[in-house]
Amino acid sequence: MRVLFFVFGVLSLMFTVPPARSFISNDECPSEYYYHCRLKCNADEHAIRYCADFSICCKLKIIEIHGQKKW
């Protein structure tokens with residue numbers, strides 16, 4: 001009987017707790033040219049968010065060079 005109550009308690013808790021990902025937020029990658037939905041980002045990219053199909057939205061890393069160092 002206790003096991004049955006435990007199972008029902010766990011099931012009710014699973015259905016009352018909201019999911020980690022909000023359905024209100026935008027799950028799509030922005031339509032700019034440097035965003036891509038992939039399963040793994042390349043070495044020159046970093047992850048931004050999850051896409052609708054649970055792939056990762058990747059963006060190119062912007063590396064700025066601030067001139068040469070002087071000794």
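Glycine is no exception: its Cβ is also placed from the backbone N, Cα and C atoms.
Since we're looking at a predicted model, the values are computed, not measured.
The annotation signal peptide is assigned in Swiss-Prot to 1-22. Look at Swiss-Prot and you will find Cys29-Cys57, Cys37-Cys51, Cys41-Cys58 tagged as disulfide bond.
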Separation of alpha carbons, Cys57 (disulfide bond) and Cys51 (disulfide bond) (Å): 6
C-alpha spacing of Cys57 (disulfide bond) relative to Cys37 (disulfide bond), in angstrom: 4
